Structure formats: structure tokens, C-alpha cells
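Visitor: Marked as transmembrane segment by TrEMBL: 6-24, 36-55, 81-103, 115-132, 138-155, 210-234, 246-270, 282-299, 338-358, 370-391, 411-433, 454-475 (among others). The feature domain 'NADH-Ubiquinone oxidoreductase (complex I) chain 5 N-terminal' is assigned by TrEMBL to 72-116. Annotated domain 'NADH:quinone oxidoreductase/Mrp antiporter transmembrane' per TrEMBL: 132-426, in sequence order.
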Amino acid sequence: MSISLETMLQLCIILPLLGALGIAATGRNPNLREGITISTGLVVLYLVINLYLGLKAGESISVHWGDIMPGLQVSFTLEPLGMIFALVASFLWVITTIYSIGYMRAHHEENQTRFYICFAIAISSVMGISFADNLFTLFIFYEILTLSTYPLVTHAGTEKAKRGGRIYLGILLSTSIAFFLLAIVSTWFVAGTLDFTPGGVFGPAVDTTVAAIILVLFIFGIGKAAIMPFHRWLPAAMVAPTPVSALLHAVAVVKAGVFTVLKVSVFIFGIDLLQELPSTQFLLYLAGATVLLASLIAMRQDNLKARLAYSTVSQLGYITIGALLASSAGIIGGSMHIAMHAFGKITLFFCAGAILVATHKSNISDMRGIGRQMPITMAAFFIASLSIIGVPPTGGTWSKWFLLMGTLETAQWGLMVVLMISSLLSIAYLLPIPYRAFFPGKGQAVDQVGIKEAPTASLIAICITATGCLVLFVYPQPLYELAAAILEIPGTAHE
């Protein structure tokens, strides 16, 4: 019996919720609980791949769950940008689950059942965001994602974890209510629709001043994109276990933010209108400042997870710049960077967790010489660092190439310099870590007694994502085709 694409799409959202119920019911049997988690992830990945093949074959589907009131409906569709997000999230959810099994057991974490339940709800939310057909649907799942990841941030239950959770929830909810929701209501009032529409929903007669204000509300309101000064939730969330950090920084939360920025830029405003708005340039400068300042702050962090957190803030700025450049190359580069950054950054966080489990150390200054005991982990860290920097033979090369081409297309010379300086800063705060791990200097290596490689499950996950960084350099074609297809939707591309 064949399953329709419409059914597959709905199962991508519903199955993780059913999986969460199964996880809750089997909480006292860790093997069964984790088996359900992995099985659910694999089925969702299989469904998403089939949806991708359907989209590639030219299939067009729409799923309608109901009207809340006239003009406000919960509905879903397939389109290339959402497919990029869904493919990345579903694949990396499986890998993160494999990693988590090794990490959580080796680190003897408590409340593991709650951890896996919240993981499943979060990925359901991500699927809802990926396939949302309008702003109303996206907003619902955007907020569910915020709430479902809060228990993950406060997982440790310490005062530090609770404080980090308050900052996390406070910033994300306040930006959503004060700015994002207001932007959505304003869009509905001005345009009369919240549907994602190729070319945008605002007609040619729209007041550009009003549209410019709405754009600012959107960018400030999408707090998950971590544009300064609304970025503090991201470093605060570093109190969470490493698999959570990987989920937040590579798979779910931050990518939901920049995905929404891209979606709003292309399908609410449209490339043509974005080029005319006076606020676009201001927001581009703000994103550029975020890229540079976050890179500089990252250089000053000795705690590895904190350094990676500020690196994430900087890299998200790249995607926001790509969206707001309102050029073909910018949109392609920003869309591709969702995947390229995801594979690189999740590998770095996986390595950070492996180092913590093996050495019980989290400061970079305490990691000299560990490459000799953890060669696979530190080699993977090196590969992922190259991808974040954006140099061959890693996938980050291509997304940063298109982003640079986007700045050239639009004559944004200042932003081109920002992107180049940021890459140099990335070299400065990332590459010394694996270098000193392998070449600590005479008499500077830390005590290596008892240090060994990560647990097997975690090591498998690390190797898969590091290999992914290399594969995306050699074979970026499927990702590029999806990114380019965003601009081929009638009405989307700039004439």
C-alpha cells in the first residue's frame, strides 16, 4: 500500500509526538526507550527523503488542518527552502540521538526520559516550521519549539541552569510577543493575507515606510536568529548538556530562526521590495556588526562551549545577511549555509562533549596535548573548523562563496570586507584548539592519565557529521539545486 505525499508530510509532524508518548511509556527500560527514539527518527528521515524526491519530481501538495478564523488557517506545503531545513533537521536528529545515547550514559545524566521526550517534541515543531504554508502556522510551531526546548536548557536543575533557562525563555518569548506577533498582525492588516507567496504579499501600492517598519519588527522579533542585541539567550543556554547544545545550535532552534528570516524575506516581502526598503540597509549593517562582534567575543572565551556559542551567533549573521541582500546569490548562499553550518557546528559540539566526558575539562587552556589520546575526536574538530571558516575541502566553502558573490552583486563592499574579516577571526578562535591538542609544545601538555576516546556511539556520530562536512564539498549539487529552486518559483526571482 502506497502512502500519499500529503500523508507523509503529516506523519513527519505527528510521528515524533507519538514517539514521545512511546518514550514516556518505556522510560524505565533505557534500551527500549532509546530504540523507540532512534526508530522514530529513522522513519521521519525516510518520510522526508520521500517528500524530497516528490518535490524533485515536480509534485505539488497542500495539507489543510483547519481554519481558526477567516484568514487564519493551519496548513502545510512543500517548497525548496522548507525541504532544506527538513532534510538537515531530520538527518541530524538521528545522528544526535546516536551521540546522545553514548554521552548521556557515559556522563550518567539524570532525567534522560524527559530529555528524549523534549527532543521528540522539538523535532515535531521543526517539521511544522519547515512545511508551514503561512505565517500563522509557522508562529504556532515556532513557539512550541521554544517551550519544548526550555526543559532541555534547564536539564541539570542547578541554579546556573535555571538562570540560563530564564534568560533563554525570557528573550525568546519577549521578542516573539513584542515584535514577531506584532509584525504578523501588521502584515495581515496591511496585506490582507499571511500566506507565503512567491514575490511577497505586499502589493505595489504598499507604503514603503510601513513595510520598512514591519521588516524591522520581523528581524527583531525572530529572536532565534540571535541578531544583537537579542543574542544573549544563546550563550546562556550553554548550561545544557552537550547534545542539547548541538540541537540548539545546529538542528533546531537557531536554524528555525534564520530559516524564518529567509522565509519572510523571500515569501512575505519579496526580493524586489526588500531592495527598496530604507530599513534593509540598516538591518544589513546590524547583521554585519553581529558577525564581527560575536567573532571578537568568541576569541576571548576560554570555555569551549562558550566560544562555540558566540561562533554560532556570528555564523547566523551570515544567513541573515544572505536573506537581506535581496540577490540571487545571497538567497542561495544563505539557504546553503543552513546545512553547511549545521554539519560543521554540530560536529564541533559533539567533539566538545566527547572531550568533557573523557577529560572532565571544559576550558580550552586545559586541552593541550589531548589529541594524542583522542586523535579521532580532534581530527573531526579540525575538519569541522575548516567548514565553519569556509575553506576547501569542506562544504562551508560553497555557502560562503555564494554569500560573497551576493555582496558583489549588490555592491555591498563593506559587508564583503566584514565576511572576509570574520573568516580570518574564525581561523584565530578555532584552529589553535586542534593545533595545540596535537602539538602542545614541550612540557605544556596536560595530564593525560586515564584520557581515552569518546564512547563508541558518540564517536560514530562524530565521524558521520565530520564526513558530512567533506561530502558537502564534493557533492553539494542536491543542496544547490534546492537553494536555486527557491528563486525559480514563479514570481520569486528578481526580474
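Each residue, glycine too, has its Cβ placed from N, Cα and C.
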Visitor: Report, as numbers and ranges, which residues of the same chain sit near the transmembrane segment (411-433): CB under 8 Å and 6 or more residues beyond its ends.
Guide: 284-285, 288, 291-292, 295-296, 298-299, 301, 304, 307, 311, 314, 318, 321, 325, 348, 364, 367, 381-382, 385, 388-390, 400, 403-404
Visitor: With contact taken as 3 or more Cβ pairs under 8 angstroms (pairs 6 or more apart in sequence), are the transmembrane segment (210-234) and the transmembrane segment (282-299) in contact?
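Guide: Result for the transmembrane segment (210-234) with the transmembrane segment (282-299) is yes.
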Visitor: Residue counts in helix (H, G, I), strand (E, B) and coil for the domain 'NADH-Ubiquinone oxidoreductase (complex I) chain 5 N-terminal' (72-116), per DSSP?
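Guide: Going by DSSP assignments, the domain 'NADH-Ubiquinone oxidoreductase (complex I) chain 5 N-terminal' (72-116) contains 32 helix, 6 strand, 7 coil.
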Visitor: Excluding the flanking five residues on each side, which residues at least 6 beyond the ends of the transmembrane segment (370-391) place their CB within less than 8 Å of a CB in that stretch?
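Guide: 311, 315, 340-341, 343-345, 347-348, 350-351, 354-355, 358-359, 397, 399-401, 423, 426-427, 430-431, 433-434, 437-438, 445-446, 448, 451-454, 459, 462-463, 465-466, 469-470, 472.
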Visitor: If you count Cβ pairs under 8 Å, which stretch among 36-55, 81-103, 115-132, 246-270 touches the transmembrane segment (454-475) the most?
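Guide: Most contacts with the transmembrane segment (454-475): 81-103.
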